[in-house]
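For reference, the structure discussed in these notes is given below.
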Amino acid sequence: MFFDGYGYHGTSFEQTYRCYPASFIEKPQLETGDKIIMPPSALDRLASLHIDYPMLFELRNDVTERLSHCGVLEFIAEEGMIYMPYWMMENMLLQEGDVVQVKNVTLPKGTYVKLQPHTMDFLDISNPKAILETTLRNFSCLTTGDSIMVAYNNKKYYIDIIETKPSNAISIIETDCEVDFAPPLDYKEPQKPVASLPTGKAPVQDEQPTAEAEPKFNPFTGVGRRLDGKPSKQQPSLSSTSASKDKQIDTRNVSGQPSAGSSSQNATRQSQGKLVFGANASRNPKETKKETEKDGKQEQQPKEKEEAKFQPFAGKKYSLRG
């Protein structure tokens, strides 16, 4: 049987056409779906066959051995020509006027599909799931390995179809299909910070000198001043005395001399009610009394001199009589 010079054979529809993009027929809505426009002779042949509806077709490029599937929108194309979405021609590596083979097929209803966006910009959309659902309403089938185009907000997003179940090509018309997303092609995992934890004995040894280098807290290290303004004798700073004490205690402990017992006995021997700082803590009470008496005598001598100098009422006498 022949229609306008184009031959159809067998009980199935199978024919070759020259393909052109949808822009040639001024049908921009074709770009948002997977449907093609075929000539009227194809409709006459399909009507005479017992085929399943909706009409689904297999597209094959014999030169590049690319395969895809699509639906049909209208039968208004010129004989020997079909009009396709441009993104579908890119998937099949077809140019304007190339020959493509069209064959009617029956596809199972899909239950699962896994998608992978090309860029992370698709994830920046406020509600990508809703945009994808509205876009897939214009599609009749999906094929593993294809890249579909999603148009939103004057921008085109390309999405790869990685996996489909139950077969490599499925029908998504009037079916509940589970959709899963893979990370975008340009997605990079954030680098985890490497935690430098000290392991072994070496790091512990490195921390010891730093702890020793920290200055120790020494209270009451100021300089004493007298209330009468006279210069006081320079007393050894408590820091030096405390350091000397530590050394003495260490040497005593090493040499085996009594340390804790002798220090407790000396503390009890000291006079009660008095605080002893610095080097005077290790001296006997008798020695401390002698030193305090010497200091008292030295302080009294300059006082006596000052009192001898002071002479009250030493002025001249004047009489009122003149």
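Here the Cβ of each residue, glycine as well, is placed from N, Cα and C on the backbone.
What you see is a predicted model, and the numbers here were worked out from it, not measured in a lab.
Going by TrEMBL, these are the annotated features:
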DOMAIN    13-108  domain 'Ubiquitin fusion degradation protein UFD1 N-terminal subdomain 1'
DOMAIN    109-184  domain 'Ubiquitin fusion degradation protein UFD1 N-terminal subdomain 2'
REGION    189-322  region 'Disordered'
COMPBIAS  232-243  compositional bias 'Polar residues'
COMPBIAS  251-273  compositional bias 'Polar residues'
COMPBIAS  284-309  compositional bias 'Basic and acidic residues'
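Mapped onto DSSP helix, strand and coil, the domain 'Ubiquitin fusion degradation protein UFD1 N-terminal subdomain 1' (13-108) counts 23 helix, 37 strand, 36 coil. Broken down by DSSP into helix, strand and coil, the domain 'Ubiquitin fusion degradation protein UFD1 N-terminal subdomain 2' (109-184) contains 14 helix, 34 strand, 28 coil.
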